[in-house]
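Worksheet: one structure, shown below.
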Amino acid sequence: MTDKLIIFDTTLRDGEQSPGASMTKEEKIRIAKHLERMKVDVIEAGFAASSNGDFDAIHTIAGLIKDSTICSLARANDKDIQRAADALKPAESFRIHTFIATSPLHMEKKLRMTPDQVFEQARLAVRFARKFTDNVEFSPEDGSRSDMDFLCRVLEAVIAEGATTINIADTVGYGVPELYGNLVKTLRERIPNSDKAIFSVHCHNDLGMAVANSLAGVKIGGARQIECTINGLGERAGNTSLEEIVMAVKTRKDYFGLDVGIDTSQIVPTSKLVSQITGFVVQPNKAVVGANAFAHASGIHQDGVLKARDTYEIMRAEDVGWTANKIVLGKLSGRNAFKQRLQELGVSLDSESELNAAFMRFKDLADRKAEIFDEDIIAIVSEESALAHEQEHFKFVSLSQHSETGEQPHAKVVFGVEGKEVTGEARGNGPVDATFNAIESEVGSGSELLLYSVNAITTGTQAQGEVTVRLSKSGRIVNGVGTDPDIVAASAKAYISALNKLHSKDDKVNPQRS
């Protein structure tokens, strides 16, 4: 009988710490529903004490998700833990994840605490968390750079207090596979009560070894939980990639001897959703979910795949949710056909009004674009769902622009400001620059444009463009996304979406990193 590997997803918490990846409550809910559909074991929905917005998102997700355990991060103090417990009350199954730094560097320079003080705070934090649930996780932050004797002492104490999961954090991505795997192994061997807890690994990708270190923690160290994010999303170089972990363990079950309960057909749809929401485009050569992951350019490889796919493919594209572009609907398709296709794609909308709005967007697109693909439908629904829940201080209405070779383009943008239509006009160094200048001529947001990117949703010259705009103001970074066959119109929509997020400010306490 094989062991079960627990998949702990922290896209909504650690992934969101990536600059520019902050999500609204509604965006978090959409991702959480996809993670549940994927059958993720544990969803870390956020850090409840960081802000009222994060508390509310965790509380709502806890009430909606039934098939995954919902978790909140909490620093090792009563206030944070109480806040996490309150946020998690609606959940059918929940976990409190508390942590404190244990490395000499962090204790001295950041916490300004002695080892004995850290030991006592860790022990008491777990004891307090156990008052709310018997599912308590403890992480020694910067565990991979901690003194072994002290680490063993702390972990033995928190297990004695009732911690059921011990998560060894390689917070700065310093570990290498053999050493990290042996660290986990040594801890399990030296701690007398280690058999009372499941050991977990949490690795960062600063040296490009997050996945390798995590797998070593499992194979060498005996860990049975991996903490990871969709697309490896996370601050600095990112976190361990969920899709790579899952497919490595499934594809090489002969080596790892572990079962994972993930529905792998949901991997690519979830990857695309996270990319669309955060604006972090997946690189084409990214394992499993990159556009080129199953592409073969070499003639020898193409010949082999045509004769027998397993000559050059160790997993099937359809097993992870890749589907060929497929024309599914046209301008004569009705509302019922549209609704049925959404159900087939596993896409849900919260209300009939959202469905009606999405259908009208579809009909408008069908009048302008001869071929409608699944990807087009997903983009329409994603944007419509975001608009339905977005605080629409600003609303795009229309755009016209004119340019001639050798002259600065001119743009005129009509948009709503709290229900009142205004018109902005301006010139710029290109049609997009002119469009943004036209919006700012009326808004005067004072924000800085950090990123502008365009991604074709499907192939061909009629493809919709998906534009991501990243704005920064007063240290706050937000993303806006817009889609349209007209790239300049998509750009205006994305810019206005980002402005709406800047307008609905939700300040967060910056947590210690785990």
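In case you wondered, yes, glycine gets a Cβ from its N, Cα and C as well.
Remember, it's a predicted structure, so these values are computed and weren't measured experimentally.
Going by Swiss-Prot, these are the annotated features:
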type	residues	note
DOMAIN	5-268	domain 'Pyruvate carboxyltransferase'
BINDING	Asp14, His202, His204, Asn239	Mn(2+) binding site
REGION	395-514	region 'Regulatory domain'
Under 8 Å by Cβ from His204 (Mn(2+) binding site), counting only residues of that chain that are 6 or more apart: Asp170, Thr171, Val172, Gly173, Ala210, Gly234, Arg236, Ala237, Gly238, Asn239, Thr240
Mean pLDDT, the domain 'Pyruvate carboxyltransferase' (5-268)? 96
Excluding its own, the Cβ atoms lying within 10 Å of the Cβ of His202 (Mn(2+) binding site) add up to 29
